[in-house]
Amino acid sequence: MESLLQKVYDQENLTKAEMNILATEIFEGRLSKTKMAAFLMALKVKGETAEEMAGIAEAMQEVAIQVAFPAGTAMDNCGTGGDKSNSFNISTTSAFVLAAAGIPVAKHGNRSISSRSGSADVCQELGIDINMRPEDMTYLLEKVGIAFLFAPHVHPNMKYVMDVRKELGTPTIFNLIGPLTNPVHLETQLMGIYRRDLLKQTAEVLGQLGRKRAVVLNGAGFMDEASLAGENHYALYESGEVQLFTLSPEEVGLANYPLEAIRGGDAKENAAILRSVLEGEPGAHLDTVLLNAGFGLFASGKVATVKEGVNLARDLVRSGLAKQKLADLITYQKEVLTK
């Protein structure tokens, strides 16, 4: 163990297997807080590699509370957070549109990181229980096609790193790997990331973690979501290869809006925005969700282009199917809670 730590201190890269060993020590509470802090900062200064990100993500998944679902059928669309955009809950809203397309969505989420309301906060405001048993999450995935997985609930071993992360007060590798550690074995994934320089690398990591197809994107204004404010950069992983692309809102028939147009509020305000989008209320909020859902549909392989995805997303909202997914989730959740 000491030799692995020393490698990082000496600015040497770890292999995936070496990082897995070291991360297992962390998640089983065997690494002191002092050594953990030194390791995280040395890793940050050195720069995290794809092998290291995959190694720590796999170790985190191994100690997670497993949520059973047929392998190779579900997707996730959560992002890293950390973009300081204070936007409304874009990926959470988009998840209902993806589910309405018949894609099982295992939505990994947490409380607020860069905004006033995280995925878990707005879910609670909507009446969604974020602390359900694994078997209940499986039931909702099967019956409704969507379930929300509260990260601290499914990753209890993160308790060993929380104090150190808080004390350091700076982003570490844990800010990057959250979306990589969904306890459901995913086939496809849309992942927003706040660092554009890591698009290709993160897409490679998703491939190492078994995704068949994935899109990693960074929006205009360095958002961890697709943005209407300008050019969006994204990486597509498929068949073992990564390709880099850019896409502007105009290319998919959407208008430009400044970042200020999608500012969010607290959980109550963001829940109201989510409902208004699912009702089809026109404007920047709806168009932003259409763009992100379009990317999600493209990442899933449901459509051949993002533009086709945007058009399908619009149809799913107009038809009321996306709104119905929220209603169904609440209905079936009550059934679970009364068992």
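Glycine residues also receive a Cβ, built from the backbone N, Cα and C atoms like all the rest.
Annotated 5-phospho-alpha-D-ribose 1-diphosphate binding site per Swiss-Prot: Gly79, 82-83, Ser87, 89-92, 107-115, Ser119, in sequence order, evidence recorded as sequence analysis. The Cβ of Gly79 (5-phospho-alpha-D-ribose 1-diphosphate binding site) has Ser91, Pro179, Met191, Gly192, Ile193, Tyr194, Asp224, Glu225 as same-chain neighbours under 8 Å, each 6 or more residues away in sequence.
The DSSP secondary structure for Gly79 (5-phospho-alpha-D-ribose 1-diphosphate binding site) is coil. The feature anthranilate 1 binding site is assigned by Swiss-Prot to Gly79, Asn110.
According to Swiss-Prot, the Mg(2+) 1 binding site annotation covers Ser91, Glu225.
Same-chain residues at least 6 positions away in sequence with a Cβ under 8 Å from that of Arg165 (anthranilate 2 binding site) are, in sequence order, Leu40, Thr172, Phe174. What Swiss-Prot records for Arg165 is anthranilate 2 binding site, and it gives sequence analysis as the kind of evidence.
Mapped onto three states, the DSSP output places Asp224 (Mg(2+) 2 binding site) in coil. Among the features that Swiss-Prot reports, Mg(2+) 2 binding site is placed at Asp224, Glu225.
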Under 8 Å Cβ-Cβ from His108 (5-phospho-alpha-D-ribose 1-diphosphate binding site), six or more apart in the same chain: what's there?
Asp76, Cys78, Leu149, Ala151, Val154, Gly178, Pro179, Thr181, Asn182
Inside 10 Å of the Cβ of Ser91 (5-phospho-alpha-D-ribose 1-diphosphate binding site), count up the other Cβ atoms and send me the figure.
28
State which of the following binding-site residues has the fewest other Cβ atoms within 10 Å around its Cβ: Asn110, Arg111, Asp224, Glu225.
Arg111
In angstrom units, rounded to an integer, how far apart are the Cα atoms of Ser87 (5-phospho-alpha-D-ribose 1-diphosphate binding site) and Asn110 (anthranilate 1 binding site)?
15
